[in-house]
Amino acid sequence: QGIFVLGLPYALLHSGYSGLFLIILAAALCCYTGKILIACLYEENEDGQLIRVRDTYEDIANACCKKLSPKLGGIVVNVTQVMELIMTCILYLVFSGNLLSHSFPFIPVTEKTWSVIAFVTLLPCVFIKTLKIVSKLSQLCSLVHFIIILVVMTYCLTQIQRWSWAKFRLSIDFEEFLVSVGVIIFSYTSQIFLPTLEGNMKNPGEFKHMLHWTHFFACVLKTTFALTAFLTWGEETKEVITDNLPSFLQTLLNVCLLTKALLSYPLPFFTATEIFYACISRSSLSNYRFPLFALSVRGSFLLLTLLMAVFIPHFALLMGFTGSVAGAAMTFLLPSLFHLKLKWKKMSFLEKCADISIFILGSLCSLAGTVCSVKGFLEVFG
């Protein structure tokens with residue numbers, strides 16, 4: 001569960017009853033594409049046993065495109081991965097600025113300035129060299145996130161007398177609905193981490209069971225959280241649901257959310273810089289034989305996230321755009337396309353139909369969601 005689950009009630013506002021169905025459908029489709037992505041890591045040997053012959057998403061992409069170009073697939077995947085990770089970092093900065101401006105409204109500082117202040121606290125990220133530090137920060141993140149979700153849902157349950165199913169829209173605006181699709185997809189994206197995760201499991205054979213249970217519980221939590229929050233505030237639901245809370249709770253949770261956002265930033269930032277550095281170095285030299293170069297790469301990425309956060313300070317639109325472009329590509333389009341390419345001869349008719357359907361559905365959602373998100377940006381910027 002990521003911090004972007006806080007945008008799901010807002011997605012329900014613009015998608016109505018269909019939003020609930022989409023949260024469930026997205027969980028099922030993401031679980032399926034996760035399984036077929038991992039299947040692409042394996043090939044049968046002469047004895048019919050499955051052997052892991054690939055290690056990363058990039059390896060799968062290169063295997064699919066080797067006839068066109070040995071490294072074309074890997075380049076496409078890496079660009080998409082870096083885009084998704086950097087957009088995630090930008091969202092954390094936008095989110096931090098939003099939280100600070102709502103927590104201290106009496107201070108005459110703009111939301112963009114608050115984002116810059118949050119950015120200053122993240123400058124030490126340029127010195128992170130290993131995942132050891134990142135993992136400790138992520139562990140604290142999980143604890144803070146649990147507290148936030150628990151507090152919001154507890155407050156919503158105390159307001160149960162205000163709940164009304166009439167708050168759900170029967171008619172929806174198609175463009176707003178498509179932006180909501182991007183938000184929902186983005187809240188589930190995890191495919192870029194799955195090959196590494198499966199490769200590090202003590203019992204990789206249990207991967208499918210793990211995927212089933214995690215997506216099931218994620219779906220239950222997302223649906224329950226989005227539903228209870230939307231039923232509580234209805235048409236007044238804001239982009240970040242904590243903005244709807246009473247001032248005394250809002251300030252407390254905003255501090256927690258700010259802490260979580262800042263603690264969450266290092267993981268996608270570190271991953272993006274490592275992918276980028278690996279792509280441009282491609283040598284046996286250690287990443288840190290040239291510390292100034294590694295430092296400049298991280299510094300450039302850090303500055304890029306700040307500039308984007310300052311120029312596009314719209315949380316829901318940015319999340320919808322990221323989900324529609326990078327999220328849909330990494331979660332639906334590429335896994336189904338790679339599976340069809342590598343396993344076509346061994347797939348059943350139903351499996352082929354499922355993969356083709358997911359690819360077409362993902363393409364339509366991605367295209368439509370991107371167009372609507374861009375249109376939304378144009379309207380916002382006048």
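Just so it is clear, glycine is given a Cβ too, placed from its N, Cα and C backbone atoms.
These figures come from a predicted structure and were not determined experimentally.
If you look up TrEMBL, you'll see 1-371 marked as domain 'Amino acid transporter transmembrane'.
Cβ atoms under 8 Å from those of the transmembrane segment (20-42) belong to residues 8, 12, 50-55, 57, 59-60, 63, 180-181, 184-185, 187-191, 194-195, 198-199, 207-208, 211-212, 215-216, 218-219, 222-223, 226-227, 331-332, 335-336, 338-339, 342-343, 354-355, 358 of the same chain, restricted to positions at least 6 beyond its ends. Taken from TrEMBL, the feature transmembrane segment covers 20-42 (among others).
Within the chain carrying the transmembrane segment (75-94), a Cβ under 8 angstroms from the stretch's Cβ atoms is held by residues 3-4, 57-58, 60-61, 65, 115, 118-119, 122, 189, 192, 261-262, 264-265, 268-269, 271-272, 275-276, 279, 301, 304-306, 308-309, 312-315, 318-319, 321-322, 325-327, 329-330, 334, all 6 or more beyond its ends. Taken from TrEMBL, the feature transmembrane segment applies to 75-94 (among others).
Summarising the annotation, TrEMBL assigns transmembrane segment to 114-131 (among others).
Annotation source TrEMBL lists transmembrane segment at 143-165 (among others).
Positions annotated as transmembrane segment by TrEMBL: 177-198 (among others). Under 8 Å from some Cβ of the transmembrane segment (177-198) lie the Cβ atoms of residues 2, 4-5, 7-8, 10-12, 14-15, 18-19, 22-23, 26-27, 30, 33-34, 37-38, 41, 54-57, 60, 81, 84-85, 204, 207, 215, 218, 222, 316-317, 319-324, 326-328, 330-332, 335, 365, 368-369, 371-373, 376, all in the same chain and six or more residues away from its ends.
The list of residues near the transmembrane segment (210-232) in space but at least 6 beyond its ends in sequence, with Cβ under 8 angstroms from a Cβ of it, reads 1, 5, 8-9, 11-13, 19-20, 23-24, 27-28, 30-31, 34-35, 149, 152-153, 155-157, 159, 162-165, 167-168, 187-188, 201, 241, 244. If you look up TrEMBL, you'll see 210-232 (among others) marked as transmembrane segment.
What TrEMBL records for 252-280 (among others) is transmembrane segment. Within its own chain, the transmembrane segment (252-280) is flanked in space by residues 2-3, 6, 75, 78, 81-82, 85-86, 88-89, 92-93, 95-96, 99-100, 102-103, 118, 121-122, 125, 128, 131, 133-134, 137-138, 140-141, 144-145, 147-148, 151-152, 242, 245, 287, 294, 297-298, 301-302, 305, which lie at least six positions past its ends and keep a Cβ under 8 Å from the stretch.
Tertiary proximity for the transmembrane segment (292-312) is limited to same-chain residues at least six positions away from its ends with a CB under 8 Å from its CB atoms, namely 86, 89-90, 93-94, 97, 112, 115-116, 119, 122-123, 125-129, 269, 272-273, 276-277, 318, 377. Marked as transmembrane segment by TrEMBL: 292-312 (among others).
Summarising the annotation, TrEMBL assigns transmembrane segment to 318-338 (among others).
Here TrEMBL flags 358-378 (among others) as transmembrane segment.
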